[in-house]
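Quick look at what Swiss-Prot lists:
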ACT_SITE  349  active site, S-methylcysteine intermediate
BINDING   125, 129, 132  [4Fe-4S] cluster binding site
BINDING   175, 176, 207, 230, 231, 232, 306  S-adenosyl-L-methionine binding site
DISULFID  118-349  disulfide bond
DOMAIN    111-344  domain 'Radical SAM core'
């Protein structure tokens, strides 16, 4: 019997690219190289994203020769569902295993306006935010575009059972999306494409901790995707304590990049502000935050801290959260308090984490 480690080693040695990593034009180019007509790309995308088949044999309007070429060139089974947990509020957390034995978490959230999915872009994270579980083990590797796409496909398959659909997505799972920029953009274009899952750009949100060069690059992209910044502090000193990335990308420089983005795109930006008891949740912090954001086309999303066993932060009292919100509103800041979802299954903001690959036990 093969052990887990031997299976993982075999997977690494024989791994093929994921078919979900290909954009439509890339599929057309590949078909041309194979001597196949490019219109087949649309048929293949239809099987992948509309019918959501799990193997090439089900692609019945393709020749056996083409199905064999696809099978020999691309993996179609990208993720394996290990665990599926359902919260008391209907939130579902999926634990997916990757080809190399690592596992990632993806979350489906229920809203009155539809179903939203929170996707992961990396195995672990290098950013080191002091309140987040995702960074505890450091960064293991980037996900391929197809591994990000496959998260949405797998969740949509689960929703197919009740004839529901993923209507929006947020790139706020494990990892720093802008550290995996090219795969992130490939994923977004595939998901947005009319031949793909066709989720509208304005129904997608990307969040970053503040990789400044990529903010400027993102401002030049042709997708009208919503953009969020994990801010969490109104000044550089406090932000450096909470988020070490601020030592590399200073808050004043970050604000300049944000203003450029807003001016270049005309789009409103969202600032995510986690509230940590006794750290960044006082009235003076709210006043300082309002001053920092003055004149910026933005929205502030207040996030009560979620429990992480390895972290020491405590939740801000409810009355203090409301006072913080009121202080911002009184100063003209557009602000809301995020609705908590999935807290009881560790699926809320800051609680997702990558799992190590299993060690050989026999």
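Residue numbering: from 1, along the chain as shown.
Here the Cβ of each residue, glycine as well, is placed from N, Cα and C on the backbone.
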Residue 118 (disulfide bond) to residue 230 (S-adenosyl-L-methionine binding site) - Cα separation in whole Å: 15
Using C-alpha atoms only, work out the spacing between residue 230 (S-adenosyl-L-methionine binding site) and residue 129 ([4Fe-4S] cluster binding site) and round it to an integer in Å. 10
Listed in sequence order, residues with CB under 8 A of residue 125 ([4Fe-4S] cluster binding site) and six or more positions away: 132, 134, 135, 138, 139, 174, 175, 176, 179
May I ask you to report the DSSP-based helix, strand or coil state of residue 132 ([4Fe-4S] cluster binding site)? coil
For the domain 'Radical SAM core' (111-344), provide the mean pLDDT of the predicted model. 94
Roughly how many Å lie between the Cα atoms of residue 129 ([4Fe-4S] cluster binding site) and residue 232 (S-adenosyl-L-methionine binding site), rounded to a whole value? 10
Around the Cβ of residue 118 (disulfide bond), other Cβ atoms found within 10 Å total 27
Among 207, 230 [binding-site residues], residue with fewest other Cβ within 10 Å: 207
